[in-house]
Amino acid sequence: MAAPWVLFCSLCVLRVVLATVYFQEEFLDGERWRNRWVQSTNDSQFGHFRLSSGKFYGHKEKDKGLQTTQNGRFYAISARFKPFSNKGKTLVVQYTVKHEQKMDCGGGYVKIFPSDVDQKNLSGKSQYYVMFGPDICGFDIKKVHVILHFKNQYHSNKKPIRCKVDGFTHLYTLILRPDLTYEVKIDGQVIESGSIEYDWNLTSLKKMEKSSAESKDWEQEEEDKLQDWEKHFLDASASKPSDWNSELDGDWQAPMLQKPPYQDGLKPEGIDKDVWLHQKMKNTHYLTEYDLSEFENIGAIGLELWQVRSGTIFDNFLITDDEEYAENFGKATWGETKDPEREMDAIQAKEEVRKAREEDEEDLLMGRFDGRENNFRRFHKRDEL
């Protein structure tokens with residue numbers, strides 16, 4: 001009976017080994033996070049972060065993350081990692097965000113930057129590859145941003161993706177696959193998916209290159225058709241002259257009995273495409289070599305956002321190429337503390353209700369006592385008169 005279990009464990013270990021984890025941050029080593037994360041000094045008015053698990057949590061240490069601390073501020077902070085390219089690979093970006101203050105207006109998203117980003121001068125003008133996560137402001141904006149950088153422009157997903165608006169911790173996951181499909185998950189559940197081409201109104205260069213290759217095949221096919229067509233107009237009875245020198249004169253071809261009718265702007269039957277179309281497709285290679293969701297030099301993750309009311313906590317950052325690893329990591333972090341977090345919040349809420357009730361009763365009793373004392377004073381004063 002032990003053999004299957006050993007095999008299962010071995011497969012799990014193999015899966016972890018095969019996964020590439022580019023960045024992972026759980027803030028489990030206390031204040032040493034400051035050695036890995038760089039606060040931007042681009043603006044002296046930028047808000048500051050602290051390490052906190054908040055007023056309620058599932059686990060005091062495991063739920064500690066970067067918390068915004070000042071109202072009405074911009075925030076800019078980032079962490080660097082070894083640069084990599086996701087070309088031909090799946091890219092998974094995942095993290096948890098908790099709007100403990102019941103966000104009224106502010107961002108809860110992350111940005112993925114190229115490795116040459118200037119961390120000390122990080123700001124809203126810093127170029128990024130991917131922007132992903134919730135954004136809330138008033139009654140109108142309660143959305144999940146998914147913005148991709150392509151051909152020197154930022155492109156937003158055209159589908160409205162609603163974010164969570166309560167005060168609990170939620171797990172956000174973005175998956176970009178090399179086959180140009182994607183998924184957006186919240187708390188492990190897929191809430192949106194589809195085609196990067198269609199949902200961002202973009203055109204894949206891979207598809208264009210494929211079309212160009214198909215055009216080359218078509219060109220060869222049509223060239224063969226032309227040669228076959230021309231054979232109908234050759235003098236089949238003609239023979240190569242005895243003094244014909246192939247090295248000097250080239251390959252000998254029989255003379256034509258008459259001019260092919262497809263010349264002078266015409267084309268033979270069976271050729272149903274125009275040559276200009278192929279020439280147009282041949283010129284697509286001048287475009288950038290990267291595709292819609294492929295980024296050559298990923299090297300940093302950061303928080304660059306605005307908040308009216310502070311208190312948001314960011315935790316459990318992960319960038320990997322393995323969807324299953326991300327799922328398991330989410331279960332081992334957010335999955336283990338989400339229920340205890342809600343239980344603690346419920347206990348605190350009941351305690352607040354109890355205290356409020358006791359205060360109301362105390363105020364009521366004090367009001368009655370004050371009323372009796374006032375009546376005694378009025379009665380005593382009347383006797384004196």
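Using N, Cα and C of the backbone, Cβ positions are placed for all residues, glycine too.
TrEMBL names the disulfide partner of Cys137 among Cys105, Cys163 as Cys105. For the binding-site residues Lys111, Tyr128, Asp135, Glu304, a Cα to Cα distance of within 10 angstroms from Cys105 (disulfide bond) holds for Asp135.
Sequence-ordered, the extra residues of this chain that approach the alpha-D-glucoside site, with Cβ no more than 8 Å from the Cβ center of Tyr109, Lys111, Tyr128, Asp135, Glu304, are Gly107, Val110, Met131, Phe132, Gly133, His145, Ile147, Gly302, Leu303, Leu305.
In the structure shown, the C-beta of Glu304 has more C-beta neighbours within 10 angstroms than that of any other entry among the binding-site residues Asp135, Glu304. Around Cys137 (disulfide bond), the C-beta neighbours below 8 angstroms that are at least 6 residues distant in the chain are Asp104, Cys105, Gly106. Using a 10 Å Cβ-Cβ cutoff, Tyr109 (alpha-D-glucoside binding site) registers 23 neighbours. In sequence order, Lys111, Ile112, Phe113, Pro114, Val117, His149, Glu304 are the residues near Tyr128 (alpha-D-glucoside binding site), counting only same-chain partners six or more apart with C-beta under 8 A.
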